[in-house]
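**Student:** Can you keep this structure in mind? I'll have questions shortly.
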């Protein structure tokens, strides 16, 4: 392993550690209920400004961010890029590790999801993983966390690829838009509070940084 590669991996470890530390600090604020009023205010503001006609579009992101579909996506991408470098398959362990941490904190932090009056999910269909109750285990958001993990890791892959400058900018822009839409949709549909999506994002990007070390 060259010095430059080692230096790059150390930077990723530092970024991942910093993000996970921020996640723990923010989790403490959530547990102490310091952000409850902000959660309510942000939810009301977003739902007031997002038309109901957009709900089906946002609801499609609820399906896209499910554990089942994201597992297929990350497995497909990682396997494709691991044909000549099989050690990259180790990055799949980050997907499992994320869910272990996510479920652990869902049971540690007693935070209920937004009440039914906020719910605006437009479809009658749900993937099986959706039936893992978030009514009393809302923090952190699994959808946002998974999206942060995937977009963060894919952004790293794009950045290290041989694509041209504008190709990289385009791909990174698309990944950024997907993440922002997922984040807003969780609040707009009344599935999660603002603090849930912030916690999910911090955790997901932290795991993405750690997984990039294995790339």
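Glycine is treated like the rest: Cβ placed from N, Cα and C.
Okay, so TrEMBL annotates it like this:
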- 91-212: domain 'Phosphatidic acid phosphatase type 2/haloperoxidase' (DOMAIN)
- 12-31: transmembrane segment (TRANSMEM)
- 57-82: transmembrane segment (TRANSMEM)
- 89-109: transmembrane segment (TRANSMEM)
- 137-159: transmembrane segment (TRANSMEM)
- 166-187: transmembrane segment (TRANSMEM)
- 193-214: transmembrane segment (TRANSMEM)
**Student:** Please work out the helix, strand and coil residue numbers for the domain 'Phosphatidic acid phosphatase type 2/haloperoxidase' (91-212) from the DSSP assignment.
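**Tutor:** Helix, strand and coil residues of the domain 'Phosphatidic acid phosphatase type 2/haloperoxidase' (91-212) number 86 helix, 2 strand, 34 coil.
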**Student:** Flag the pair the transmembrane segment (12-31) / the transmembrane segment (166-187) as in contact if three or more Cβ pairs fall under 8 Å (sequence separation 6 or more).
**Tutor:** no
**Student:** Which stretch, 89-109, 137-159, 166-187, 193-214, tops the Cβ pairs under 8 Å count with the transmembrane segment (57-82)?
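**Tutor:** It is 137-159, which has the most Cβ pairs under 8 Å.
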**Student:** Restricting to the same chain and to residues at least six past its boundaries, which positions have a Cβ under 8 Å from a Cβ of the transmembrane segment (166-187)?
**Tutor:** 42-43, 46-47, 50, 58-59, 61-62, 64-65, 141, 143-144, 147-148, 151, 154-155, 158-159, 193-194, 196-197, 201
